[in-house]
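**Student:** Positions annotated as transmembrane segment by TrEMBL: 12-35, 47-63, 128-146, 166-183, 190-208, 220-242. The feature repeat 'TPR' is assigned by TrEMBL to 372-405.
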Amino acid sequence: MRNNLERPFSIMFYVMLMVIFASLATLSPMGYIWLTYEDLLGEWSQFYLFAATLVCAATLARHKNRWRFFFALLALSCLYVSGEEISWGQRLLNLETPAFFQQHNLQQETNLHNFITGPYNTLLKQSIEIALAMALILFSTLYALRISERIPGVAALKRWLPPPPLFLWPYFCTAALFELRLLRFNEAELAEILVGAAMLLYTLHYLHRHAPSVVHQSSVRPQATALCTVIFLALFTTGLCYSSPRLRHGMEARIDNGVKKFADRYGRYGQWHHSRHLYMKLLQERPESVALRQRLAFAEKKLGHGLQAAQTLTEAIRLDMRRYGREPGNIAVNLSLAQSFELLGNLERMAFHHKQALDYGLRKVSLEPDNAHANYWLGRSYLANGAVDKAVKQFERAAQLQPTTYRFQRALQEARLKLQFLPG
(Lines of atoms letter the chains of each structure in order from A and count residues from 1; the text may use other names and numbers.)
(Lines give C-alpha, C1' and ligand atoms only; values in the text may rest on other atoms or scores of the structure.)
Protein backbone atom coordinates (compact mmCIF):
# COMPACT_ATOMS: atom_id res chain seq x y z
CA MET A 1 0.00 0.00 0.00
CA ARG A 2 2.81 2.40 0.91
CA ASN A 3 4.57 1.98 -2.45
CA ASN A 4 1.27 2.35 -4.32
CA LEU A 5 0.54 5.67 -2.63
CA GLU A 6 3.99 7.13 -2.06
CA ARG A 7 4.90 7.26 -5.75
CA PRO A 8 1.73 9.00 -7.07
CA PHE A 9 1.70 11.41 -4.13
CA SER A 10 5.30 12.49 -4.81
CA ILE A 11 4.63 12.88 -8.53
CA MET A 12 1.43 14.86 -7.89
CA PHE A 13 3.25 17.20 -5.52
CA TYR A 14 6.01 17.72 -8.11
CA VAL A 15 3.42 18.55 -10.79
CA MET A 16 1.72 20.96 -8.37
CA LEU A 17 5.02 22.75 -7.70
CA MET A 18 5.80 23.08 -11.40
CA VAL A 19 2.31 24.42 -12.14
CA ILE A 20 2.73 27.00 -9.37
CA PHE A 21 6.18 28.02 -10.63
CA ALA A 22 5.02 28.34 -14.25
CA SER A 23 1.76 30.13 -13.39
CA LEU A 24 3.44 32.73 -11.21
CA ALA A 25 6.24 33.32 -13.74
CA THR A 26 3.83 33.85 -16.65
CA LEU A 27 0.77 35.37 -14.97
CA SER A 28 1.86 37.00 -11.71
CA PRO A 29 5.29 38.69 -11.76
CA MET A 30 4.88 39.99 -8.21
CA GLY A 31 3.96 36.53 -6.96
CA TYR A 32 7.04 35.09 -8.66
CA ILE A 33 9.24 37.72 -7.02
CA TRP A 34 7.81 36.85 -3.60
CA LEU A 35 8.61 33.20 -4.35
CA THR A 36 12.21 33.66 -5.48
CA TYR A 37 13.75 36.50 -3.46
CA GLU A 38 15.59 36.17 -0.17
CA ASP A 39 13.75 36.71 3.12
CA LEU A 40 10.49 36.06 1.29
CA LEU A 41 8.28 33.01 0.82
CA GLY A 42 10.70 30.90 -1.22
CA GLU A 43 13.62 31.27 1.17
CA TRP A 44 11.50 30.40 4.19
CA SER A 45 10.17 27.38 2.29
CA GLN A 46 13.76 26.25 1.72
CA PHE A 47 14.59 26.78 5.38
CA TYR A 48 11.68 24.70 6.65
CA LEU A 49 12.15 21.95 4.05
CA PHE A 50 15.75 21.42 5.14
CA ALA A 51 14.80 21.80 8.81
CA ALA A 52 12.17 19.06 8.39
CA THR A 53 14.73 16.89 6.59
CA LEU A 54 17.08 17.45 9.52
CA VAL A 55 14.45 16.09 11.94
CA CYS A 56 13.81 13.02 9.76
CA ALA A 57 17.52 12.35 9.24
CA ALA A 58 18.25 12.71 12.96
CA THR A 59 15.43 10.25 13.72
CA LEU A 60 16.89 7.74 11.25
CA ALA A 61 20.33 8.18 12.80
CA ARG A 62 18.87 7.16 16.16
CA HIS A 63 17.23 3.96 14.82
CA LYS A 64 19.15 0.81 13.97
CA ASN A 65 19.91 0.61 10.25
CA ARG A 66 23.04 0.25 8.16
CA TRP A 67 22.89 3.87 7.04
CA ARG A 68 22.86 5.49 10.50
CA PHE A 69 26.20 7.22 9.96
CA PHE A 70 25.06 8.70 6.63
CA PHE A 71 21.82 10.03 8.11
CA ALA A 72 23.77 11.59 10.99
CA LEU A 73 25.93 13.40 8.43
CA LEU A 74 22.81 14.40 6.48
CA ALA A 75 21.28 15.87 9.64
CA LEU A 76 24.41 17.95 10.24
CA SER A 77 24.42 19.06 6.60
CA CYS A 78 20.78 20.14 6.85
CA LEU A 79 21.59 22.11 10.00
CA TYR A 80 24.29 23.94 8.06
CA VAL A 81 22.07 24.56 5.00
CA SER A 82 19.15 25.79 7.13
CA GLY A 83 21.40 28.20 8.99
CA GLU A 84 22.99 29.47 5.78
CA GLU A 85 19.57 30.09 4.20
CA ILE A 86 18.76 32.72 6.82
CA SER A 87 22.38 33.87 7.35
CA TRP A 88 22.23 32.31 10.83
CA GLY A 89 19.50 34.71 11.92
CA GLN A 90 21.52 37.84 11.17
CA ARG A 91 18.64 39.93 9.83
CA LEU A 92 16.08 38.45 12.21
CA LEU A 93 18.18 39.40 15.23
CA ASN A 94 19.40 42.67 13.67
CA LEU A 95 23.06 41.67 14.03
CA GLU A 96 25.87 43.59 12.38
CA THR A 97 27.99 41.73 9.83
CA PRO A 98 31.43 41.05 11.37
CA ALA A 99 34.35 42.88 9.74
CA PHE A 100 35.85 39.65 8.34
CA PHE A 101 32.59 38.80 6.52
CA GLN A 102 32.23 42.41 5.34
CA GLN A 103 35.63 42.18 3.67
CA HIS A 104 35.59 38.65 2.24
CA ASN A 105 31.93 37.65 1.78
CA LEU A 106 30.68 38.52 -1.72
CA GLN A 107 27.33 39.71 -0.32
CA GLN A 108 28.67 41.07 2.99
CA GLU A 109 26.49 38.59 4.94
CA THR A 110 27.18 36.28 7.86
CA ASN A 111 27.30 33.02 5.93
CA LEU A 112 29.94 30.79 4.38
CA HIS A 113 28.60 29.91 0.93
CA ASN A 114 28.93 33.47 -0.37
CA PHE A 115 32.69 33.35 0.13
CA ILE A 116 32.83 31.39 -3.15
CA THR A 117 29.48 32.25 -4.73
CA GLY A 118 27.68 35.55 -4.85
CA PRO A 119 25.58 37.91 -6.94
CA TYR A 120 27.84 37.73 -9.99
CA ASN A 121 29.33 34.89 -11.99
CA THR A 122 32.80 33.55 -11.34
CA LEU A 123 34.52 30.56 -12.89
CA LEU A 124 34.45 28.79 -9.52
CA LYS A 125 30.73 29.44 -9.12
CA GLN A 126 29.95 28.11 -12.60
CA SER A 127 32.11 25.02 -12.00
CA ILE A 128 30.30 24.28 -8.74
CA GLU A 129 26.91 24.67 -10.43
CA ILE A 130 27.83 22.27 -13.25
CA ALA A 131 29.28 19.70 -10.83
CA LEU A 132 26.21 19.93 -8.59
CA ALA A 133 23.83 19.54 -11.55
CA MET A 134 25.66 16.44 -12.76
CA ALA A 135 25.66 14.96 -9.25
CA LEU A 136 21.91 15.51 -8.83
CA ILE A 137 21.14 13.86 -12.18
CA LEU A 138 23.39 10.84 -11.63
CA PHE A 139 22.26 10.37 -8.03
CA SER A 140 18.55 10.37 -8.90
CA THR A 141 18.75 8.28 -12.10
CA LEU A 142 21.69 5.92 -12.60
CA TYR A 143 22.52 5.53 -8.90
CA ALA A 144 18.86 4.85 -8.08
CA LEU A 145 18.74 1.88 -10.49
CA ARG A 146 19.85 -1.59 -9.40
CA ILE A 147 21.73 -2.02 -12.67
CA SER A 148 24.22 0.59 -11.42
CA GLU A 149 25.55 -2.00 -8.96
CA ARG A 150 27.38 -3.58 -11.89
CA ILE A 151 29.63 -0.53 -11.96
CA PRO A 152 32.74 -1.19 -9.86
CA GLY A 153 32.47 0.35 -6.41
CA VAL A 154 28.80 1.36 -6.64
CA ALA A 155 27.51 -1.67 -4.71
CA ALA A 156 29.95 -0.90 -1.90
CA LEU A 157 28.93 2.78 -1.97
CA LYS A 158 25.27 1.85 -1.60
CA ARG A 159 26.08 0.16 1.69
CA TRP A 160 27.00 3.61 2.97
CA LEU A 161 24.84 5.97 0.84
CA PRO A 162 21.22 4.82 0.41
CA PRO A 163 19.88 5.30 -3.13
CA PRO A 164 16.83 7.55 -3.56
CA PRO A 165 13.52 6.07 -4.72
CA LEU A 166 13.40 6.38 -8.49
CA PHE A 167 10.17 8.42 -8.47
CA LEU A 168 12.12 11.39 -7.07
CA TRP A 169 14.13 11.85 -10.27
CA PRO A 170 11.86 14.67 -11.60
CA TYR A 171 12.68 16.78 -8.52
CA PHE A 172 16.43 16.27 -8.73
CA CYS A 173 16.74 16.52 -12.52
CA THR A 174 14.60 19.66 -12.77
CA ALA A 175 16.58 21.17 -9.90
CA ALA A 176 19.79 20.33 -11.78
CA LEU A 177 18.58 22.20 -14.88
CA PHE A 178 17.40 25.15 -12.79
CA GLU A 179 20.75 25.23 -10.97
CA LEU A 180 22.49 25.93 -14.29
CA ARG A 181 20.35 29.11 -14.62
CA LEU A 182 19.84 28.67 -18.34
CA LEU A 183 16.66 30.77 -18.23
CA ARG A 184 18.26 33.60 -16.24
CA PHE A 185 15.00 33.94 -14.34
CA ASN A 186 16.14 33.43 -10.74
CA GLU A 187 15.27 29.75 -11.13
CA ALA A 188 18.18 28.68 -8.91
CA GLU A 189 15.92 29.55 -5.96
CA LEU A 190 13.31 27.16 -7.32
CA ALA A 191 16.04 24.52 -7.57
CA GLU A 192 16.62 24.81 -3.83
CA ILE A 193 12.91 24.32 -3.15
CA LEU A 194 12.86 21.21 -5.34
CA VAL A 195 15.98 19.75 -3.70
CA GLY A 196 14.59 20.49 -0.24
CA ALA A 197 11.28 18.80 -1.07
CA ALA A 198 13.09 15.81 -2.62
CA MET A 199 15.36 15.37 0.40
CA LEU A 200 12.38 15.50 2.75
CA LEU A 201 10.53 12.84 0.73
CA TYR A 202 13.77 10.84 0.53
CA THR A 203 14.20 10.70 4.31
CA LEU A 204 10.49 10.02 4.85
CA HIS A 205 10.81 7.09 2.42
CA TYR A 206 13.48 5.53 4.62
CA LEU A 207 11.57 6.35 7.80
CA HIS A 208 8.78 4.14 6.41
CA ARG A 209 11.26 1.28 6.18
CA HIS A 210 13.39 1.69 9.28
CA ALA A 211 11.24 3.54 11.81
CA PRO A 212 7.71 2.12 11.47
CA SER A 213 6.91 3.25 15.00
CA VAL A 214 7.45 6.84 13.86
CA VAL A 215 5.91 6.71 10.37
CA HIS A 216 3.02 4.38 9.57
CA GLN A 217 3.95 2.23 6.59
CA SER A 218 0.53 2.06 4.95
CA SER A 219 -0.12 5.78 4.60
CA VAL A 220 1.19 8.88 2.83
CA ARG A 221 -0.21 11.01 5.64
CA PRO A 222 3.30 11.79 7.01
CA GLN A 223 4.39 13.17 3.61
CA ALA A 224 1.26 15.26 3.26
CA THR A 225 1.46 16.46 6.86
CA ALA A 226 5.14 17.38 6.60
CA LEU A 227 4.77 19.29 3.33
CA CYS A 228 1.59 21.10 4.44
CA THR A 229 3.33 22.07 7.68
CA VAL A 230 6.29 23.45 5.72
CA ILE A 231 3.98 25.51 3.49
CA PHE A 232 2.04 26.85 6.50
CA LEU A 233 5.19 27.76 8.43
CA ALA A 234 6.74 29.46 5.38
CA LEU A 235 3.60 31.55 4.83
CA PHE A 236 3.27 32.34 8.54
CA THR A 237 6.93 33.32 9.01
CA THR A 238 6.97 35.47 5.87
CA GLY A 239 3.84 37.27 7.05
CA LEU A 240 5.23 37.67 10.56
CA CYS A 241 8.46 39.19 9.25
CA TYR A 242 6.56 41.52 6.93
CA SER A 243 4.47 42.76 9.87
CA SER A 244 7.65 43.87 11.68
CA PRO A 245 8.50 47.49 10.72
CA ARG A 246 12.24 46.81 10.96
CA LEU A 247 12.19 43.67 8.80
CA ARG A 248 9.55 45.02 6.44
CA HIS A 249 11.83 47.83 5.30
CA GLY A 250 14.50 45.35 4.18
CA MET A 251 11.94 43.04 2.57
CA GLU A 252 10.42 45.90 0.57
CA ALA A 253 13.88 46.96 -0.58
CA ARG A 254 14.48 43.43 -1.88
CA ILE A 255 11.06 43.38 -3.54
CA ASP A 256 11.84 46.73 -5.16
CA ASN A 257 15.13 45.34 -6.45
CA GLY A 258 13.32 42.26 -7.73
CA VAL A 259 10.71 44.32 -9.56
CA LYS A 260 13.44 46.25 -11.40
CA LYS A 261 15.37 43.11 -12.36
CA PHE A 262 12.30 41.18 -13.47
CA ALA A 263 11.01 44.09 -15.52
CA ASP A 264 14.22 43.73 -17.56
CA ARG A 265 13.99 39.92 -17.59
CA TYR A 266 10.42 39.89 -18.88
CA GLY A 267 11.56 42.23 -21.63
CA ARG A 268 14.21 39.72 -22.70
CA TYR A 269 11.43 37.21 -23.27
CA GLY A 270 9.25 39.70 -25.15
CA GLN A 271 6.72 40.00 -22.32
CA TRP A 272 6.62 43.77 -22.62
CA HIS A 273 3.20 44.11 -20.99
CA HIS A 274 4.68 42.66 -17.78
CA SER A 275 7.74 44.92 -18.12
CA ARG A 276 5.54 47.97 -18.59
CA HIS A 277 3.42 47.06 -15.55
CA LEU A 278 6.47 46.60 -13.31
CA TYR A 279 8.17 49.82 -14.47
CA MET A 280 4.99 51.80 -13.85
CA LYS A 281 4.77 50.27 -10.38
CA LEU A 282 8.33 51.39 -9.64
CA LEU A 283 7.70 54.89 -11.00
CA GLN A 284 4.83 55.36 -8.57
CA GLU A 285 7.38 55.06 -5.77
CA ARG A 286 10.28 56.83 -7.56
CA PRO A 287 8.76 59.42 -9.92
CA GLU A 288 12.09 61.28 -10.25
CA SER A 289 13.94 58.26 -11.66
CA VAL A 290 15.14 58.95 -15.19
CA ALA A 291 16.43 55.39 -15.71
CA LEU A 292 12.98 53.96 -14.97
CA ARG A 293 11.36 56.38 -17.43
CA GLN A 294 13.82 55.31 -20.13
CA ARG A 295 13.04 51.64 -19.52
CA LEU A 296 9.32 52.34 -19.49
CA ALA A 297 9.63 54.26 -22.77
CA PHE A 298 11.47 51.34 -24.35
CA ALA A 299 8.70 48.96 -23.25
CA GLU A 300 6.06 51.37 -24.60
CA LYS A 301 7.85 51.45 -27.98
CA LYS A 302 7.96 47.66 -28.09
CA LEU A 303 4.22 47.59 -27.42
CA GLY A 304 3.64 50.08 -30.25
CA HIS A 305 2.74 52.97 -27.93
CA GLY A 306 4.83 55.63 -29.71
CA LEU A 307 3.08 58.66 -28.21
CA GLN A 308 3.35 57.38 -24.63
CA ALA A 309 7.04 56.57 -25.22
CA ALA A 310 7.75 60.09 -26.50
CA GLN A 311 5.93 61.68 -23.55
CA THR A 312 7.86 59.52 -21.09
CA LEU A 313 11.20 60.37 -22.72
CA THR A 314 10.40 64.09 -22.81
CA GLU A 315 9.86 64.01 -19.05
CA ALA A 316 13.10 62.04 -18.59
CA ILE A 317 15.04 64.65 -20.58
CA ARG A 318 13.44 67.48 -18.59
CA LEU A 319 14.56 65.88 -15.32
CA ASP A 320 18.10 65.34 -16.62
CA MET A 321 18.36 68.87 -18.03
CA ARG A 322 17.75 70.31 -14.56
CA ARG A 323 20.88 68.50 -13.33
CA TYR A 324 22.77 69.23 -16.55
CA GLY A 325 22.19 72.96 -16.04
CA ARG A 326 23.90 72.70 -12.64
CA GLU A 327 26.55 70.09 -13.56
CA PRO A 328 27.33 70.02 -17.30
CA GLY A 329 30.40 67.89 -16.55
CA ASN A 330 28.45 65.15 -14.79
CA ILE A 331 29.26 62.00 -16.78
CA ALA A 332 26.24 60.05 -15.56
CA VAL A 333 23.87 62.84 -16.65
CA ASN A 334 25.48 63.09 -20.09
CA LEU A 335 25.23 59.34 -20.64
CA SER A 336 21.62 59.39 -19.49
CA LEU A 337 20.75 62.24 -21.86
CA ALA A 338 22.48 60.40 -24.71
CA GLN A 339 20.35 57.34 -24.02
CA SER A 340 17.11 59.35 -23.97
CA PHE A 341 17.94 61.11 -27.25
CA GLU A 342 18.86 57.79 -28.84
CA LEU A 343 15.45 56.37 -27.88
CA LEU A 344 13.82 59.49 -29.35
CA GLY A 345 15.81 59.06 -32.56
CA ASN A 346 17.80 62.28 -32.16
CA LEU A 347 21.24 60.86 -33.02
CA GLU A 348 22.94 64.25 -33.25
CA ARG A 349 22.17 65.13 -29.63
CA MET A 350 23.04 61.57 -28.62
CA ALA A 351 26.52 61.87 -30.17
CA PHE A 352 27.07 65.28 -28.52
CA HIS A 353 26.44 63.94 -25.01
CA HIS A 354 28.45 60.76 -25.67
CA LYS A 355 31.45 62.89 -26.64
CA GLN A 356 30.98 65.20 -23.68
CA ALA A 357 30.85 62.24 -21.28
CA LEU A 358 34.06 60.80 -22.74
CA ASP A 359 35.90 64.14 -22.61
CA TYR A 360 35.01 64.70 -18.97
CA GLY A 361 35.82 61.07 -18.13
CA LEU A 362 39.32 61.33 -19.61
CA ARG A 363 39.91 64.62 -17.83
CA LYS A 364 38.85 63.25 -14.45
CA VAL A 365 41.02 60.12 -14.71
CA SER A 366 44.03 62.21 -15.73
CA LEU A 367 43.54 64.27 -12.55
CA GLU A 368 42.72 61.30 -10.27
CA PRO A 369 44.20 58.12 -11.79
CA ASP A 370 43.67 56.13 -8.55
CA ASN A 371 40.03 57.10 -8.15
CA ALA A 372 37.97 53.91 -8.65
CA HIS A 373 34.77 55.81 -9.47
CA ALA A 374 36.54 57.99 -12.05
CA ASN A 375 37.88 54.88 -13.78
CA TYR A 376 34.45 53.26 -13.65
CA TRP A 377 32.72 56.23 -15.29
CA LEU A 378 35.40 56.50 -17.94
CA GLY A 379 34.73 52.83 -18.66
CA ARG A 380 31.03 53.56 -18.98
CA SER A 381 31.84 56.41 -21.38
CA TYR A 382 34.05 54.16 -23.51
CA LEU A 383 31.31 51.54 -23.56
CA ALA A 384 28.71 54.09 -24.72
CA ASN A 385 31.07 55.19 -27.51
CA GLY A 386 31.62 51.60 -28.67
CA ALA A 387 35.20 51.21 -27.38
CA VAL A 388 34.56 47.98 -25.48
CA ASP A 389 38.24 46.98 -25.19
CA LYS A 390 39.10 50.30 -23.55
CA ALA A 391 36.05 50.01 -21.29
CA VAL A 392 37.27 46.62 -20.04
CA LYS A 393 40.62 48.13 -19.05
CA GLN A 394 38.96 50.92 -17.07
CA PHE A 395 36.58 48.52 -15.31
CA GLU A 396 39.56 46.29 -14.46
CA ARG A 397 41.29 49.29 -12.92
CA ALA A 398 38.18 50.25 -10.92
CA ALA A 399 37.74 46.67 -9.68
CA GLN A 400 41.43 46.52 -8.77
CA LEU A 401 41.14 49.70 -6.71
CA GLN A 402 37.91 48.59 -4.99
CA PRO A 403 37.61 44.79 -5.38
CA THR A 404 34.57 44.43 -3.08
CA THR A 405 32.35 46.88 -5.00
CA TYR A 406 29.68 44.82 -6.76
CA ARG A 407 28.92 47.47 -9.39
CA PHE A 408 32.52 47.47 -10.63
CA GLN A 409 32.73 43.67 -10.73
CA ARG A 410 29.45 43.37 -12.60
CA ALA A 411 30.42 46.04 -15.14
CA LEU A 412 33.69 44.22 -15.75
CA GLN A 413 31.96 40.86 -16.24
CA GLU A 414 29.42 42.32 -18.68
CA ALA A 415 32.06 44.23 -20.68
CA ARG A 416 34.25 41.14 -20.99
CA LEU A 417 31.26 39.14 -22.18
CA LYS A 418 30.41 41.81 -24.76
CA LEU A 419 34.03 41.86 -25.94
CA GLN A 420 33.94 38.10 -26.59
CA PHE A 421 31.06 38.48 -29.04
CA LEU A 422 32.49 41.39 -31.02
CA PRO A 423 33.35 40.47 -34.63
CA GLY A 424 37.03 40.16 -35.51
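All positions are counted from 1 along the displayed chain.
Yeah, the Cβs are placed from backbone N, Cα and C, and that goes for glycine too.
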**Student:** Compare 12-35, 128-146, 190-208, 220-242 by their Cβ pairs under 8 Å to the transmembrane segment (47-63) and return the stretch that comes out on top.
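**Tutor:** Comparing 12-35, 128-146, 190-208, 220-242 against the transmembrane segment (47-63), the winner is 190-208.
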**Student:** Within the repeat 'TPR' (372-405), count helix residues (DSSP H, G, I), strand residues (E, B) and coil residues, in that order.
**Tutor:** 27 helix, 0 strand, 7 coil
**Student:** Going along the chain, which residues at least six beyond the ends of the transmembrane segment (220-242) come within the CB cut-off of under 8 Å?
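**Tutor:** Residues packing against the transmembrane segment (220-242) from afar: 2, 5-6, 9-10, 13, 34, 39-41, 44-45, 47-49, 52, 56, 92, 197, 200-201, 204, 207-208, 248, 251.
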**Student:** Quick test of the contact rule: Cβ under 8 Å, at least six residues beyond the ends. What residues does that give for the transmembrane segment (166-183)?
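**Tutor:** Counting only partners 6 or more residues beyond its ends, the transmembrane segment (166-183) has Cβ contacts under 8 Å with 6-7, 10-11, 14, 18, 129-130, 132-134, 136-137, 139-141, 144-145, 190-192, 194-195, 197-198, 201-202.
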**Student:** Are there residues at least 6 beyond the ends of the repeat 'TPR' (372-405) whose Cβ is under 8 Å from a Cβ of it, and what are they?
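**Tutor:** Non-local partners: 103, 108, 331-332, 335, 338, 354-355, 357-358, 360-362, 364-365, 411-412, 415-416, 418-419, 422.
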